[in-house]
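Chemist: Features from TrEMBL:
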- 243-484: domain 'Histidine kinase' (DOMAIN)
- 511-625: domain 'Response regulatory' (DOMAIN)
- 561: 4-aspartylphosphate (MOD_RES)
- 484-508: region 'Disordered' (REGION)
- 28-47: transmembrane segment (TRANSMEM)
- 195-215: transmembrane segment (TRANSMEM)
């Protein structure tokens, strides 16, 4: 049974676009267009060169025919010849007739040459013979007249019938005119063919341009569509990741407080070691959720001028324990003394992540043994954005955050992490920046390294690209804002840098309103704070806390979660507290983070990121109460 083939117009267009976007098709189309463009002047040159002589002949031929008729006709040779016979006393007519004869012969040969240039034969022999006979008759008449012959006797000697001469002259005229008409017909035909050829060439060029536009337009629409889909997926993934990280941070915080409270009790050493292992696992989990949040909501952090040399030294020291056997790390800086305007912690993490990727690629493949970390001045963004077939930039949809405040120093620095390992295929390179994508055979790792690094680099106003091909290693390029000169930090007296621990007054007995929607975490935090000597009242959401506030419940400090169910979150609750109980210090805590937090915060207060240890919470509470007490004292003075 034969299958019926059918395809929608869109399917045909897609097929055509695929063909046009194939590796060799666009160069072929461009070559065809260039060939057509070059053919136009080439054809014009060949045709014009071929017909330039004929064009000249066609233009000169009518004038030559008229001149020949004048030289032979009644105002020329024949006229003067007859006058010479009839007026023997005026011999000048013989001379004029001879001059006209010679001019006629010149014009006759000119006509022969012009007609030959028109690719037509011309027989001038008959007219030449006739004119030569007339020329001989001039000599005969002059001799006879000089010998005393009468006019009738001279006329009888030289009289010839003019009819053959007229026929010969008419034949020359007819042949020349036929040659001219034939050439004009061919010229018009060639002109039409030229117009047709030019039209075909222009149509070919237009078709090539249209085909290229179809291919590039389809490719661009596909890239924009894919970029939009990727951006939607990333936004959805970011929201999901942020939500999961928030919930996991709440769970980690609950476990953290439970472990800390258990460690505060008298327990066997073995149990304490187990709990310490649990606490270390919590810290590792905190680092993981931090990476998830860094992907979901990248931030520029605290940007300042950093020494490239110091960053390289820190990266080298951090990579050294993990550096595979036989792999060497080389550092290069051109020129020396470069600085970056970046957040130090995030920049160190980004460098280490890229170096670790290069190290693992060499280690897994067994190919290569050299990693190079290079810093150099960049000529600018446009030069950086130029790519070739072995270079990939992040997809349009990877853009997740606006650029941060730029460095006060104009200029860009390019950092390159390059290895001589196995390299990447085009498909792997194209997907390298996608979150959660990993090319490792065992799918080890989170696949977030490059996505997080790009998110951070982009938040600084920079850019990234990857250059790689199988067997030729990989180079990851980061374009970052240049920093200014680094001023040496001033020494701080030890007594000011490290104040005594007992310098802060005791706040035991202070009343704390704790607002937390996670019941288990709320209870553990309450117990921890009560163990530290605080009087704690709790609320399970913002509305419950606001009810207590309106009921006149007194407290000296508010500790509130930010993200809570209901219409009143931590920020809204803080606004109510600031309005109804001015001067009461506030602490926020959250398992989430991001630049939008600061934008939403009306009442400014410190934010504690979950999970935080009981010691960190107590320190933050003590600091907030100290500052509130200082403000009250200053107001009384």
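Cβ atoms here come from the backbone N, Cα and C positions, even for glycine.
Since the structure is predicted, the reported quantities are computational estimates derived from the model, not experimental observations.
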Chemist: Return the residues near the residue listed as '4-aspartylphosphate', defined as same-chain residues 6+ apart in sequence whose C-beta is under 8 angstroms from its C-beta, sorted by sequence, else 'none'.
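Modeler: Listed in sequence order, they are 515, 516, 517, 518, 570, 588, 589, 590.
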Chemist: Using DSSP, what's the helix, strand and coil tally for the domain 'Response regulatory' (511-625)?
Modeler: 51 helix, 23 strand, 41 coil
Chemist: If you average pLDDT over the domain 'Response regulatory' (511-625), what do you get?
Modeler: 89
